[in-house]
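**Q** Sharing a structure, written as structure tokens. Questions coming.
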Amino acid sequence: MSDSSPTINFINFNQTGTCISLGTSKGFKIFNCEPFGKFYSEDSGGYAIVEMLFSTSLLALVGIGDQPALSPRRLRIINTKKHSIICEVTFPTSILSVKMNKSRLVVLLQEQIYIYDINTMRLLHTIETNPNPRGLMAMSPSVANSYLVYPSPPKVINSEIKAHATTNNITLSVGGNTETSFKRDQQDAGHSDISDLDQYSSFTKRDDADPTSSNGGNSSIIKNGDVIVFNLETLQPTMVIEAHKGEIAAMAISFDGTLMATASDKGTIIRVFDIETGDKIYQFRRGTYATRIYSISFSEDSQYLAVTGSSKTVHIFKLGHSMSNNKLDSDDSNMEEAAADDSSLDTTSIDALSDEENPTRLAREPYVDASRKTMGRMIRYSSQKLSRRAARTLGQIFPIKVTSLLESSRHFASLKLPVETNSHVMTISSIGSPIDIDTSEYPELFETGNSASTESYHEPVMKMVPIRVVSSDGYLYNFVMDPERGGDCLILSQYSILMD
């Protein structure tokens with residue numbers, strides 16, 4: 001085997017963010033995050049998907065096709081503790097994504113979704129979808145609120161089906177009691193169930209009808225950024241949420257299965273919805289300029305939301321006061337995003353607009369890392385303060401539909417990866433539970449020369465929130481965030497996940 005470094009094909013955290021699964025051109029590895037260390041690996045060929053089920057010994061594996069046993073159409077479920085294969089399932093086309101919780105296993109192909117009972121690996125249901133080449137879907141880790149969300153393609157919908165409307169009147173064909181034959185190479189899994197879904201095609205397939213036509217007096221509209229919410233227990237779609245104007249780039253479901261976060265392909269606006277009602281309860285603004293969003297992740301307590309993108313900066317948003325007291329009509333959603341994408345106004349959160357009325361907020365300014373002080377950041381920080389005053393003044397003058405443009409909260413904290421190269425680096429992140437940090441162990445971090453920061457960090461032990469980031473160039477970065485002040489996250493350590 002060559003001594004050259006393997007190519008990374010897949011990286012992900014487990015559902016709790018405590019482990020990392022890595023698939024390379026040479027094999028796969030499983031790492032523990034704290035303390036950091038490798039606890040399982042195999043050098044058996046190239047792997048495209050390596051998914052964990054929490055911290056159990058169960059792994060879902062998909063190869064890259066460099067050898068017959070590792071076909072990209074074959075899903076292999078293994079037990080790492082017993083070094084045994086639990087089952088194998090071969091699908092008609094390449095597998096793009098696999099998600100699991102303790103009740104369900106979901107396999108996404110480009111035009112189909114297969115849902116299995118994870119305890120028996122019995123095929124429960126098959127969904128026909130429009131092409132989903134990015135393999136976008138998100139699944140709730142919770143069994144109590146077990147949901148699957150995936151993007152709905154651009155389609156023509158009669159106006160009687162409004163945004164956030166339930167779709168219980170839409171009939172789904174549910175896979176019967178057909179047992180799936182495992183360890184098979186030629187038979188297509190669930191093939192007999194796919195033909196039964198033609199009646200469902202109007203909901204999941206692109207509608208070729210003329211968008212200007214009408215049906216029974218009902219006007220038609222085109223939706224491009226819709227998300228389908230699917231209940232994995234009842235095996236029924238529950239809702240279509242109009243998340244964005246443009247194409248969906250990333251999505252995530254909170255640990256308890258109650259919230260869904262989405263980002264569009266422009267990457268300027270992040271929205272959070274109540275997955276039960278479809279109400280938009282948070283809207284965050286990542287930045288002014290468009291960027292490619294790679295991942296969205298909730299903290300386990302749903303207090304924070306981390307967003308990674310092509311800018312090599314990770315933004316953390318705080319889920320505090322929702323927008324429920326100032327809800328917007330569904331028509332306002334498009335107006336907000338269009339303005340947010342084109343506007344150069346650097347807005348801030350509603351809570352931050354009342355600095356003068358909240359002296360405790362002024363006393364606890366966001367922490368600023370001295371090593372990241374640049375002229376651009378200083379100008380931006382100054383403009384944010386001016387924007388707060390401007391937004392507060394304008395909010396008293398303009399009606400709700402105009403002031404809604406100012407309501408997108410900006411990030412609570414951020415971190416910049418210490419990557420000097422300009423090469424393309426993809427990242428994913430995970431937010432951990434608060435931990436105690438002994439400041440004496442990191443004197444170079446907590447004695448920055450900033451008088452305000454030094455005064456606040458004189459405490460010997462501080463409560464901090466860990467932020468873990470894994471990059472496609474093979475590094476794990478451990479940061480910590482001040483849960484009270486936010487600002488710049490501090491890097492504690494970094495490890496290579498490619499070196500043995």
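Note: Cβ is positioned from N, Cα and C throughout, glycine not excepted.
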**Q** Where Swiss-Prot marks phosphoserine, which residue is it, choosing among S21, S333, S354?
**A** S354
**Q** Looking at the candidate ranges 297-327, 328-358, 359-389, report the one that Swiss-Prot labels region 'Disordered'.
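**A** Matching range for region 'Disordered': 328-358.
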**Q** In Swiss-Prot, which of 284-288, 429-433, 449-453 is tagged motif 'L/FRRG motif'?
**A** 284-288
**Q** Which range is it, out of 174-197, 198-221, that shows up in Swiss-Prot as region 'Disordered'?
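**A** Of the candidate stretches, Swiss-Prot labels 174-197 as region 'Disordered'.
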**Q** By DSSP, how many residues in the repeat 'WD 2' (288-327) are helix, how many strand, and how many coil?
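**A** DSSP classes over the repeat 'WD 2' (288-327) add up to 3 helix, 18 strand, 19 coil.
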**Q** Per DSSP, what is the helix/strand/coil residue tally across the repeat 'WD 1' (243-283)?
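**A** Helix, strand, coil within the repeat 'WD 1' (243-283): 0 helix, 24 strand, 17 coil.
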